[in-house]
Amino acid sequence: MSMYTGFTRLCKGITVVLVGGHIVVQILPSALSYLALIPAKTIPFAWNLITAGYTEQSIYGLVISTIGLLFVGKLLEPIWGSREFLKFIFVVNFLTSVCVFITAIALYYITTQEIYLYMPVSGFQGVLSGFLVGIKQILPDQDLSLLKIKAKWLPSLALLVSIIISFFTTESASYLPTMIFGTYIGWIYLRYWQRKPETKRRGDPSDEFAFSTFFPEFCRPVINPLATIFERMLCGRRSEMSDESGGYTLGSTTLPGSDPIEASRRRERGARALEERLAAERLAATGRADKTEENATENV
C-alpha cells in the first residue's frame with residue numbers, strides 16, 4: 001500500500017483541477033467550446049491555450065492523466081522543487097497548445113478542410129509526455145521491471161505506441177499532435193531553459209540527453225546533422241548564451257566548457273532520491289505490519 005501514498009500536495013491540487021474540468025464538461029457540454037483548444041475560436045478565446053491542457057473530455061483520459069501526474073510527480077517534484085515543477089507544467093502546456101494551434105491553421109490552409117479548425121483538442125497528455133522526458137533525463141539507466149526496458153526509452157516508446165494506435169482510430173488527431181509537441185517542448189525546456197541554481201547555468205548539455213538519444217543507435221548518424229540544424233534554427237541564441245557562460249553542445253558535438261559532470265551528478269541525485277523514497281516506503285510498510293502484528297497479539 002505504500003506505493004499509493006506520499007503524493008505531493010501540488011500534484012493533488014492539479015488532480016483536483018483535472019477532475020473539476022472533466023466534471024464541468026460533462027455537466028455543461030457547451031463549456032468545451034470555451035475550455036478546449038478550438039483553433040477557429042482561439043483568437044477571441046485565447047485563454048483556451050492554457051485551459052485546454054487541464055480539460056479532459058473522456059474518463060479514460062482523466063484516469064491516465066491523474067495516475068500519471070500523481071506517480072511521476074512524486075518522483076520529479078522532490079528533485080526539481082515545487083516551483084520548478086509547476087513552471088515546467090505551465091510552460092510545456094502553454095507552448096504545446098501554441099504549437100498545436102499553429103499546426104492546425106497550417107493544415108487548414110494546406111488541405112482546406114475545416115475539421116482542423118473546429119476539432120476540440122484538450123487533455124493533459126502533452127505535459128505527461130514532457131514528464132517522461134524528465135524521467136529520461138534523471139534516471140536514464142533505471143530498469144523498468146514491468147516493461148523490461150530502461151527509463152530513457154519511455155518517451156520514444158509512448159510516441160511509438162501512440163502513432164501505431166493512430167492508424168486504427170479516428171480520434172488520434174485530438175491527442176497525437178499534443179503528445180509529439182509535449183515531448184519536444186519538454187526536451188527543449190530541460191535541455192536549454194531549466195535553471196540550475198547550484199551551477200548558475202541553464203539546461204542539460206550532456207551528450208546523453210541530445211535529441212538523437214530519442215532514436216535507436218542506427219538512426220543517429222542521420223538524426224545528428226538534422227538535429228544540429230534545427231537546434232541552431234530554434235535555439236541558436238540560447239545555445240550561444242550557454243556557450244558564453246560555460247559551454248554547451250550542439251547535436252552530438254561537445255563545445256568547449258561543457259559540464260557533463262553536472263549531468264552525471266543530477267542523474268545520481270535522481271537515483272539516490274528514488275532509492276531513499278523506496279526505502280522510506282518499505283520502512284513505513286514494515287512499521288505498519290509490525291503494528292498490525294502487535295495489535296493482533298494484544299487481542300489474543
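Note: Cβ is positioned from N, Cα and C throughout, glycine not excepted.
What TrEMBL says about a protein is an automatic prediction, not a curated fact.
Pulled from TrEMBL, these are the features on record:
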REGION    243-270  region 'Disordered'
TRANSMEM  12-38  transmembrane segment
TRANSMEM  58-76  transmembrane segment
TRANSMEM  88-110  transmembrane segment
TRANSMEM  116-139  transmembrane segment
TRANSMEM  151-169  transmembrane segment
TRANSMEM  175-193  transmembrane segment
Relative to the transmembrane segment (116-139), the stretch among 12-38, 58-76, 88-110, 151-169 with the most Cβ pairs under 8 Å is 58-76
Chain residues outside the transmembrane segment (58-76) and at least six past its termini with a C-beta under 8 angstroms from it = 6-8, 10-12, 14-15, 18-19, 22, 85, 123-125, 127-128, 131-132, 134-135, 138, 175, 273-274, 277
